[in-house]
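Asks: Sending over a structure as structure tokens; questions will come in a sec.
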Amino acid sequence: TVPLPAGLGWALVFTPSLGAVARYFPARRALATGVVVSGASVSGLALGPLVPLLLDTYGWRGALLLLAAISFNLVAAGALLRPLPGHHESPGSPPRAGPDLVGLLRHGPFLRYALAFVLVDAGYYVPFVHGAARAHEVGCDQHRAGLVMAAMAAIDGGGRVAAGWLAARPASRLLRHLFAWAALTGLASLLLPLGTSFGGLLVLALVYGLCAGALVPLQFAGVAEVVGAGRLVHAIGLMQMFESFGSLLGPPFAGWLRDVTGDFIVSFLAAGAFLLAGSLLILTLPGFFRASRGAGGKEGSLAPAPGSPETPATAPE
């Protein structure tokens, strides 16, 4: 029963936080999102050695209490967030979640975008979940397998910030950056089976971690390109609900393939195929091949919500 309230709590924190950042920094949305989500990599690296230490010192009950105490700091962080009311919007105006969600469920480009990340997530987590087992498979001991995973997690955080910074450059549309990183992540997954030694696997894991990290901030910043900023929070939440199916199915499917074939080669190839399939769907989004780029509201995007502080048809990134 513990994972259910914990998962619900993290979901209720993650989506509004990303939506708030995207609304606060419309002109540098990708960079701001990249900086924010890089915190997940930092905390992952910190908790990796911390959790076993807490378990050995305080037992599982004490460790859970201490982790809960750390998580309660989110209450103070959330209290610092403030709404950005528009000229025709009062802070106490009623929410419009119902109409917004219905509109999103009938919005073709958004549904294709969400489906793209169902496919992407079906492959995305496979190297992170099964990477250590693959390292053992090619002869690495526990220390070297841990080093491969730690290196992949560390460069993942750097990739998130770097991709946000690159996407803030005006030379190319954000969706093109997103497609490129999704395709590169898929290709990196296809190449992972070539790492048959510690050194080779470490290099390929670093490449995968960089590309996979770069994909994360652009995924969330790209939502505004598809639906506009007025419905950004609703769209991010709905997209995450859809893509969770890919996240839940991908690693178990890869594990089943390993049981059937005897190694993880086909598992990583299948993960790469899912990632590439998702990247191809991004090519179908309206305005992908246009020369200029903006903050959102392209052809096929939803009209801005009444009173929205940002009209999704202006303001270049």
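Placed from the backbone N, Cα and C atoms, the Cβ positions cover glycine too.
Among the features that TrEMBL reports, domain 'Major facilitator superfamily (MFS) profile' is placed at 101-317. The feature region 'Disordered' is assigned by TrEMBL to 297-317. TrEMBL lists 35-55, 62-81, 110-133, 145-168, 174-194, 201-222, 264-289 with the feature transmembrane segment.
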Asks: Counting CB pairs under 8 Å, which listed stretch among 62-81, 110-133, 201-222, 264-289 touches the transmembrane segment (174-194) the most?
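Replies: Ranked by Cβ pairs under 8 Å, first place goes to 264-289.
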Asks: Same chain, outside the transmembrane segment (35-55) by at least 6, Cβ under 8 Å from its Cβ: which residues?
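Replies: 17-18, 21, 62-63, 66-67, 150, 153-154, 156-158, 160-161, 164, 213, 216-217, 220.
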Asks: Looking only at the domain 'Major facilitator superfamily (MFS) profile' (101-317), what is the model's average confidence as pLDDT?
Replies: 85
